[in-house]
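**Q** Annotation comment: TrEMBL describes 3-345 as domain 'Isopropylmalate dehydrogenase-like'. For 71-84, 278-290, the entry in TrEMBL reads NAD(+) binding site. For Arg91, Arg101, Arg129, Asp219, the entry in TrEMBL reads substrate binding site. The feature site 'Important for catalysis' is assigned by TrEMBL to Tyr136, Lys186. Taken from TrEMBL, the feature Mg(2+) binding site covers Asp219, Asp243, Asp247.
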Amino acid sequence: MTDLLLLPGDGIGPEVIAEVKKVAAKLCPDLTLDEKPFGGCSFDAHGTPLTDDALAAAKAAKAVLMGAVGGPQWAGAPRDKRPEAGLLALRAGMGVFANLRPALCFQPLADASTLKREVVEGLDIMIVRELTGGIYFGSPRFIEEIPGGKRAVDTQVYTTGEIERVSRIAFELARGRRNKVTSCEKSNVMDSGLLWREVVTELHKRDYADVQLEHMLADNAAMQLVKNPRQFDVILTDNLFGDILSDEASQLTGGLGLLPSAALGVAGTPGLYEPIHGSAPDIAGKGVANPLAAILSFEMALRWSLGRAELADRLFAAVVAALDGGARTPDIGGRLTTAQMGDAVVAQL
Ligand code: NAI
Ligand code: MG
């Protein structure tokens, strides 16, 4: 069985995944790796962004690490053949319903935040976003002509089961952190928000009474993230609010090139790990992309899917040490190339 399936993808994807391979060779040479084309490069080679072969390999691995997909050269492809469609198909095919997005402020980079250093220093938030339900998937969904204009309809749908399984992941994560979950919805104006609050409250009472639970309306959470972000440990929220709150939180830390993510399904199935950035066509091929988001995505895979938490700790410490030592790619104010940044991490292992 393959431990880790690599899907380097397009643009800077292969450049940052190459650094992960270097790190893995040093940290855990026994880890079995496999690699498949995915995204635009797969469309060019096989006529589809996600081949049956790649999806089967993803489902059979213990974890999947993606680089990034997409680019202007595929903008004209049919909608269902675009790289982004491949990503949606991969997430659906793997059944990953919980998106974990850490917002971490590395000490030496606190000045890169959109906020003041004293507000973000030491920031460590984990956002758990429901990924496969809610208003992005609910039906009916359509645009129709009506007298005098048009009418558009989207539908937010959540079941008890969908809310409970993602909430469970948030509570479990909190236990290994600062033991606090802030659940965000709009129960004041939405029935789905009411059900969300009810299910989270029940589950907490039944299985996680040891964890501190707080409910917060999502608009207030957006404000609190800017005002006093360090009050948060784990933020649990739905697909729509999670999309917005996680993008907001990423800016508190000051670096797209630094932020990893994970998407998890039911226990025992592989997780999907990827940097939050895209394929960065503007810098692709120049060898200057920051590989830390990909390396930290690998760190999450070690921790959450590969059962190697102690190696994850070592890798995390190596990244912090490299940053402390002044290692910087251009996006965070330095001159190192992608490969030199990877070397700086390897040197700390
Ligand atoms: P992007 O994240 O690729 O780039 C935004 C800006 O951040 C660019 O200036 C880029 O140079 C910079 N940047 C991103 N990652 C970086 C890194 N590791 N190191 C240094 N600088 C970095 O977002 P954009 O430009 O909106 O999208 C480009 C393409 O990527 C599009 O085709 C889009 O659809 C795709 N995309 C794919 C994602 C994925 O594979 N999950 C996610 C987001 C976008
Ligand atoms: Mg978004």
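Even glycines carry a Cβ here, placed using N, Cα and C.
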**Q** According to DSSP, does Asp247 (Mg(2+) binding site) fall in a helix, a strand, or coil?
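**A** Its secondary structure by DSSP: helix.
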**Q** To test your reading of the Mg(2+) site: which residues beyond Asp219, Asp243, Asp247, same chain only, put their Cβ within 8 Å of the Cβ centroid of those residues?
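**A** The surrounding set, listed in chain order, is Ala218, Ala222, Leu240, Phe241, Gly242, Ile244, Leu245, Ser246, Glu248.
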**Q** Using a Cβ cut-off of under 6 Å to any atom of ligand 1, determine which of the recorded positions Gly71, Ala75, Arg79, Arg101, Lys186 qualify.
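**A** Gly71, by Cβ distance under 6 Å.
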**Q** Suppose we screen the binding-site residues Gly71, Arg101, Asp219, Ala280 by Cβ distance to ligand 2 with a cut-off under 6 Å; which survive, in sequence order?
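**A** None, as no Cβ falls under 6 Å.
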**Q** Across all chains shown, how many C-beta atoms besides its own are within 10 angstroms of the C-beta of Ala75 (NAD(+) binding site)?
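**A** Excluding its own Cβ, Ala75 (NAD(+) binding site) sees 10 Cβ atoms within 10 Å.
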**Q** Grab the pLDDT values for the domain 'Isopropylmalate dehydrogenase-like' (3-345) and give me their mean, rounded.
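**A** The answer is 95, the mean pLDDT of the model over that range.
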**Q** For each of Gly71, Pro83, count the other CB atoms within 10 A of its CB; which of these binding-site residues has the top count?
**A** Pro83
**Q** Of the binding-site residues listed here (Gly71, Arg91, Ala280, Val288), which is spatially closest to Asp243 (Mg(2+) binding site) when Cα positions are compared?
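**A** Closest by Cα: Arg91.
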**Q** Non-local Cβ contacts of Lys186 (site 'Important for catalysis') (under 8 Å, 6 or more apart, same chain)?
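**A** Non-local contacts for Lys186 (site 'Important for catalysis'): Gly193, Leu217, Ala218, Asp219, Phe241.
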